[in-house]
Amino acid sequence: MNANLPPSAISELHGPRLLLRAWRDSDREAFAEMCADPQVMEFFPSVLDRAQSDALVDRVQAHFAERGYGPWALELPGEAAFIGFTGLFDVTMDVHFAPTVEIGWRLAPAYWGRGLAREAAETALDFAFERLRLPEVVAFTTPPNRRSWGLMERLGMRRDPAEDFDHPLLAADHPMRRHILYRVDAARWAER
């Protein structure tokens, strides 16, 4: 894996409709609104307050500075300056499939159902396999999150129920502790 790409080499990716770009300070307000929205955060342990949301943006920016990739801010040119994020995260927690790279996404509800999460994820996966030369990318979510795992399947990711896991950062009795794991490798991605 080439994790030493200069951030300038990947500060922007272009999809047919979307711009995946570096985060701006002006994104923080819209992101905080998303993270405080119970609909957006339905399958996360809790909504985030402004300080927690800003701290997440800070971690994203630090990840980019350190690794040369991360979750990009999503812009829909001509329509919206910020609609959410999609991108790549290092998985370092204590799970059987780590260390690896995860793809994740979060969009404002006004942009759901338009194929934008899929477009952004395809753009990020192209980057993961073509530029970073990753052997595999994973994604995971809670079983009730059909929208998310449905997208994983539409992306060609595959699930093996034997690999499902309990999220180590959630309490043993937390209702969202159980997670399902999807994978796609470079060869499968190239075949699509």
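Just so you know, glycine gets a Cβ as well, placed from its N, Cα and C.
Per Swiss-Prot, domain 'N-acetyltransferase' is recorded for 18-187. Marked as CoA binding site by Swiss-Prot: Trp105, Arg106, Leu107, Gly113, Asn145, Gly150, Leu151, Met152.
Overlay of Swiss-Prot annotations on the structure.
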| residue | record | DSSP class |
| --- | --- | --- |
| Trp105 | CoA binding site | strand |
| Gly113 | CoA binding site | coil |
| Asn145 | CoA binding site | coil |
| Gly150 | CoA binding site | helix |
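Cβ neighbour count for Asn145 (CoA binding site) (all protein chains, 10 Å cutoff from its Cβ): 18. A mean pLDDT of 95 is what the model gives for the domain 'N-acetyltransferase' (18-187). Most other Cβ atoms within 10 A: among the binding-site residues Leu107, Leu151, Met152, that distinction falls to Met152. Around the Cβ of Trp105 (CoA binding site), the same chain contributes Gly84, Phe85, Thr86, Gly87, Ala117, Ala120, Ala121, Ser148, Leu151, each under 8 angstroms and 6 or more positions distant in sequence.
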